[in-house]
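Annotated in Swiss-Prot:
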TRANSMEM  22-42  transmembrane segment
TRANSMEM  59-79  transmembrane segment
TRANSMEM  107-127  transmembrane segment
TRANSMEM  133-153  transmembrane segment
TRANSMEM  186-206  transmembrane segment
TRANSMEM  216-236  transmembrane segment
TRANSMEM  251-271  transmembrane segment
Amino acid sequence: MNNLLLSINWNPNPELFNLFGISIRYYGLLWAIGIFFAYIVVHYQYRDKKIDEKKFEPLFFYCFFGILIGARLGHCLFYDPGYYLNHFWEMILPVKFLPGGGWKFTGYEGLASHGGTLGLIISLWLYCRKTKMNYMDVVDMIAVATPITACFIRLANLMNSEIIGKVTDVSWAFVFERVDMQPRHPAQLYEAIAYFILFLVMMFLYKNYSKKLHRGFFFGLCLTAIFTFRFFVEFLKENQVDFENSMALNMGQWLSIPFVIIGIYFMFFYGKKKSVK
């Protein structure tokens, strides 16, 4: 009882307002804010490097659709393939088809960060093919901005009372009333704070050491830091799907491991290999 009294009761309405029957939710708004800040940061880097403005113009669309498609497919195929392979159009469209007929607009409720990362990496490759830019230069610039977007995405999860933490007795525990009345780790907030700090570190390194660091360093640091933290914070989270209960590590942790390995390679080995050549 004492732990419950010390906890923070959390029960915001995930819907900001309703416009002509279409629900405008904090989730979508915070996603948009995160992408907007990333847009500003990357645009700043393009101008700082004196890159042709015409090359920057299509970048937003490649990133937006790459992240959205990758994150959606990642959620559907990694976390609930049985359902979505039998409800294919719900994987593609932001609606839910009702059993009695008809449909309901829901937005894309399930988005996976690992899938979004893969989608972004692929879309940037397509962008670089079109603009003839160096791929590592572009992913480094995107990497500097990525943590601020990740921060807002986790705040979006917090407003949705989703990706909740395990039951705890810490004094800053949240009671997610839409889930139950148990005090839990605000894991979404842990990630949001960590990613915001990483963003500040990235900006500091870019402004002070970008000319001294090899190509691929920022890309590697971003992958390593985000997915290492993600791996460990998963121990404080409830599993998202039932099949994870029988796993030693959950799906988020297994998917994080290859990204950490790739990140370490680009931080410590990629530049050296290029230098030898």
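Residue 1 is the first one shown; counting continues down the chain.
Glycine too: its Cβ is placed from the backbone N, Cα and C atoms.
Among residues of the same chain six or more beyond the transmembrane segment (216-236), those with a C-beta under 8 A of the stretch's C-beta atoms are 113, 117, 136, 139-144, 146-147, 150, 165-166, 168, 185, 187, 190-191, 194-195, 198, 202, 205-206, 210, 249-250, 252-253, 256-257, 259-260, 262-268, 270-271.
Remote same-chain partners of the transmembrane segment (107-127), defined as residues 6 or more beyond its termini with a Cβ less than 8 Å from a stretch Cβ, comprise 23, 25, 27-28, 58-59, 62-63, 65-80, 94, 133, 135, 138-139, 142, 150, 153, 223, 230, 252, 255-256, 259. Using a Cβ-Cβ cut-off under 8 Å and counting only residues 6 or more beyond its ends in the same chain, the transmembrane segment (251-271) has close neighbours at 78-79, 114, 117, 136, 213-217, 219-228, 230-231, 234, 237, 240-241, 244.
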